[in-house]
Amino acid sequence: MAVKDRVPMKEQDPKERRKNFDEVALGYTEEEAILEASRCIQCPKPTCVAGCPVHVRIPEFIKAITKREFEEAYKIIKSTNSLPAVCGRVCPQEEQCEKNCVLNKIGKPIAIGRLERFVADYALQNNIEEEVKPEKKNKKVAIIGGGPAGLTCAGDLLKMGYYVTIFEALHALGGVLTYGIPEFRLPKRIVEAEIERLKKLGAKVETNVVVGRTVTIDQLMEEEGFEAVFVGTGAGLPKLMDIPGKNLNGVYSANEFLTRINLMKAYKFPEYDTPIVVGKRVAVIGGGNVAMDAARSALRLDGVEEVTVVYRRSKEEMPARAEEIEHAIEEGIKFEFLANPIRINGTEDGWVKSMDVIRMELGEPDSSGRRRPIEIPGSEFTIEVDTVIMALGTSPNNLIPSTTKDVEIQKWGGIIADETGKTSKPGVFAGGDAVTGAATVILAMGAGKQAAKAIDEYLRNKK
Amino acid sequence: MCDMYKIVRKEILNPVVKLMDIEAPRVAKSAKPGQFVIIRIYDKGERIPLTIADYDPEKGTVTIVFQEVGKSTKLLGTLNEGDYILDFVGPLGNFMEVPKEARKILGVGGGVGIPALYPKLKMLHQEGYRVEAILGGRSEEYVIFKKEMEAVCDKVYYATDDGTLGKKGFVTDVLKEVLENDKEIDYIITVGPVIMMKNVCKMTKEYNIPTIVSMNPLMVDGTGMCGACRIEVGGETKFVCMDGPIFDGHLVNFDLAMTRLNMFKKQEKVSLELYEQHHGGDHHGR
Ligand SMILES: Cc1cc2nc3c(=O)[nH]c(=O)nc-3n(C[C@H](O)[C@H](O)[C@H](O)COP(=O)(O)OP(=O)(O)OC[C@H]3O[C@@H](n4cnc5c(N)ncnc54)[C@H](O)[C@@H]3O)c2cc1C
Ligand SMILES: Cc1cc2nc3c(=O)[nH]c(=O)nc-3n(C[C@H](O)[C@H](O)[C@H](O)COP(=O)(O)OP(=O)(O)OC[C@H]3O[C@@H](n4cnc5c(N)ncnc54)[C@H](O)[C@@H]3O)c2cc1C
Ligand code: SF4
Ligand code: SF4
Ligand code: FES
Ligand SMILES: [Mg+2]
């Protein structure tokens, strides 16, 4: 194989996979991984590393793969990335590590994400554990929220010897990894295996605790002896489009739709008790990962014949991972670009019947650098749909700030924290989507790591 | 994840309504009148919301009262003292505040809305307000929590469909008489079926008496994350689990609320039929 080309990864056939929730990408074999790894030219000054938010030592782990030292490769990755099996699958690599690979100049970059996934899966299959026996420090830290930020912060603090309790509002840990990202992209057994590891490290887990309602941060610190707190509560509050018909039966937020499917397993109804209803024609509004996940999940449900993604800009501006867009197209998802819904029309008994949409054109770039969509007057048209899913983004919930003394927030709801995670309240740290707004798994993880360091420092200096 | 929630008391209040005390110390400690919990009975179960009917922070228990209407509530009804519920989260929602200057408060409750109304009236009574109530149901047997309510109300009126207790008719028939005769009532709280709350609010609006209601939409997470629970209040969309469940009844769009409650009717029927095929008959009066 030419150096220019990547070793392809096997995938389930699109015709087959659009009928099931099994993982789409099947992973490399050992031989495939070694072959792909051998394309890396081991740059002395590797530019790829700078593109990774947690600076995975990319050439080093790739070199270990070429030598068939998979366990060693795992240790190298784990030294900076606590959730490689997850990141290898869901990082927007084309924007990060792979974007910076020198091979882009002559052909395709090294498939860094796929190699990372291979190594992590190898470690899971062969039960490779890092050995840590830290000296116990007699101090308790509370982690609020069991998403990637919280899990990473908890893991690092456990390895430093702290007593850690994770408080999670839902009945399961994982945050978006559990309730948002579908099984066919990130199998839940991977997330569960990471959580089991944390428990083996000694994490105490209290699910069904909504901090701010069940107990407050002030109570945890003043009454329950937690000396520091990490807030990793994410950005879960869905935005809904303010158009007529938004509350008709058959209109879901992507969060509701995906939570029913992923967390509650509604795709296995009636074996599982949580129902979901979809009609023959489904429209998904939005262009990010969430929209792709909702569209591809909808396609896999019984009775659905057609799924259309309605996005107000063009394909080039779509923020979703390149791979997800490709997969969606292969599976037969339709796209209506440069179109924006203005009204959802209902039947007499309150169900979605159709959606009025207006054509857009792209104007000057806006603050995000993307060209701003502008309505074309008089270009309205109607699409027949039975189900509408809104995937327009999410923002942080104000439950914690509104019930904790002295935690300051931004106007849009994000918790104010410095780059180490320190908030305005002594002993309280925060990171991930709760601070940045909806972002990525790897950034949330990076924030959890930073905060663990800062918490350690804080507790060492505190008498 | 491994902690479960023990049923420490079970009572059968009538052929379709049961009461349970559940061991959940954190919830019992923080609960306030008007708040609710979400439970999941077993690993394939759905998350269903139930109002906190009472709570004892010392014993660490929370009381729930539920009507068996579908698969989840019927399954819950088959559990007994000593059994466990897998998940029990709360207290959720805002709690209730009543204006200080209210002179006399009237509670209007129907069906399982009565135990949901109870902790609110109990608190108001303890705070020194004058409290009266109108309670309604199909027949005497279906009007639950009578003793509890009488203990915290200065006066309790009844209305039953068949006239076996109090006036024959709806709570709104009694409400009309009470409002005509008693001009001191200046604040109303109503909890019950949506159609009842709608009719109560229609009447109290005519009398211009502020009225709050407790809404019961479909829910999934109960933490503001999904929007399943949205209703319209004064033309604005609200999430009941975060902004409610208590709202100004004169602003709620009840018709929309009723439509949204029907979203999964077909699936709920399938779920119940399958359940009853496998557990034929054993849900009655256990
Ligand atoms: C559908 C979907 C697809 C995505 N796809 C990708 C992708 O492909 N690649 C990528 O990099 N990123 C993706 N993202 C974004 C990524 O998942 C998030 O940026 C990341 O999960 C943020 O992590 P977090 O730990 O900050 O928060 P979350 O993952 O949101 O976790 C927060 C946790 O805190 C809990 N919580 C909230 N409030 C409380 C409280 N008061 N008390 C206790 N617990 C509380 C929540 O229940 C939740 O479990 C996707 C997001 C979604 C929704
Ligand atoms: C804040 C709140 C407090 C409530 N308090 C009580 C209470 O104290 N006692 C009581 O008996 N009932 C209460 N309910 C209603 C109770 O949650 C439903 O009766 C129950 O979920 C029905 O589940 P099922 O599977 O037995 O019946 P199903 O056959 O699934 O449903 C029957 C009907 O119940 C409603 N329902 C179903 N699933 C849900 C859900 N996930 N969330 C909300 N409603 C649903 C729908 O209208 C449905 O048509 C409350 C609801 C809310 C939102
Ligand atoms: S963590 Fe993400 S960005 Fe970093 S090397 Fe791995 S796949 Fe690339
Ligand atoms: S930039 Fe590309 S070729 Fe160079 S070390 Fe990184 S992965 Fe290897
Ligand atoms: S139940 Fe999900 S937001 Fe209220
Ligand atoms: Mg049900």
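In case you wondered, yes, glycine gets a Cβ from its N, Cα and C as well.
Curation does not apply to TrEMBL; its annotations are automatic.
It should be emphasised that the depicted structure is a prediction, and the values quoted were computed from it without experimental measurement.
Quick look at what TrEMBL annotates:
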| type | residues | note |
| --- | --- | --- |
| BINDING | B:Val65, B:Phe66, B:Gln67 | FAD binding site |
| BINDING | B:Cys226, B:Cys229, B:Cys241 | [2Fe-2S] cluster binding site |
| DOMAIN | B:1-98 | domain 'FAD-binding FR-type' |
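Taking the features listed in TrEMBL, we show where each one sits on the structure.
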residue: B:Val65; record: FAD binding site; Cβ neighbours (10 Å): 22
residue: B:Phe66; record: FAD binding site; Cβ neighbours (10 Å): 23
residue: B:Gln67; record: FAD binding site; Cβ neighbours (10 Å): 19
residue: B:Cys226; record: [2Fe-2S] cluster binding site; Cβ neighbours (10 Å): 28
residue: B:Cys229; record: [2Fe-2S] cluster binding site; Cβ neighbours (10 Å): 26
residue: B:Cys241; record: [2Fe-2S] cluster binding site; Cβ neighbours (10 Å): 27
To the nearest whole angstrom, state the Cα distance for the pair B:Gln67 (FAD binding site) and B:Cys241 ([2Fe-2S] cluster binding site).
20
Note the Cβ centroid of B:Val65, B:Phe66, B:Gln67, the recorded FAD site, then list each other residue of that chain whose Cβ lies within 8 Å of it, in sequence.
B:Leu13, B:Val17, B:Lys18, B:Leu19, B:Leu50, B:Ile64, B:Glu68, B:Thr73, B:Val112, B:Pro115
Which binding-site residues (B:Val65, B:Gln67, B:Cys226, B:Cys241) come close to chain A, taking a Cβ gap under 8 Å as close?
B:Cys226
DSSP tally for the domain 'FAD-binding FR-type' (B:1-98), helix/strand/coil in that order, comes to 14 helix, 44 strand, 40 coil
Using C-alpha atoms only, work out the spacing between B:Phe66 (FAD binding site) and B:Cys241 ([2Fe-2S] cluster binding site) and round it to an integer in Å.
19
Could you tell me which of the binding-site residues B:Phe66, B:Cys226, B:Cys241 have their C-beta within a distance under 6 angstroms of some atom of ligand 2?
B:Phe66
Return the members of B:Val65, B:Phe66, B:Gln67 (the binding-site residues) with CB less than 6 angstroms from at least one atom of ligand 5, or none.
none
Where does B:Cys241 ([2Fe-2S] cluster binding site) sit by DSSP, helix, strand or coil?
helix
In angstrom units, rounded to an integer, how far apart are the Cα atoms of B:Cys226 ([2Fe-2S] cluster binding site) and B:Val65 (FAD binding site)?
26
Expressed to the nearest Å, what is the distance separating B:Cys229 ([2Fe-2S] cluster binding site) and B:Val65 (FAD binding site) at their Cα atoms?
21
Between B:Val65 (FAD binding site) and B:Cys241 ([2Fe-2S] cluster binding site): CA-CA distance (Å):
19
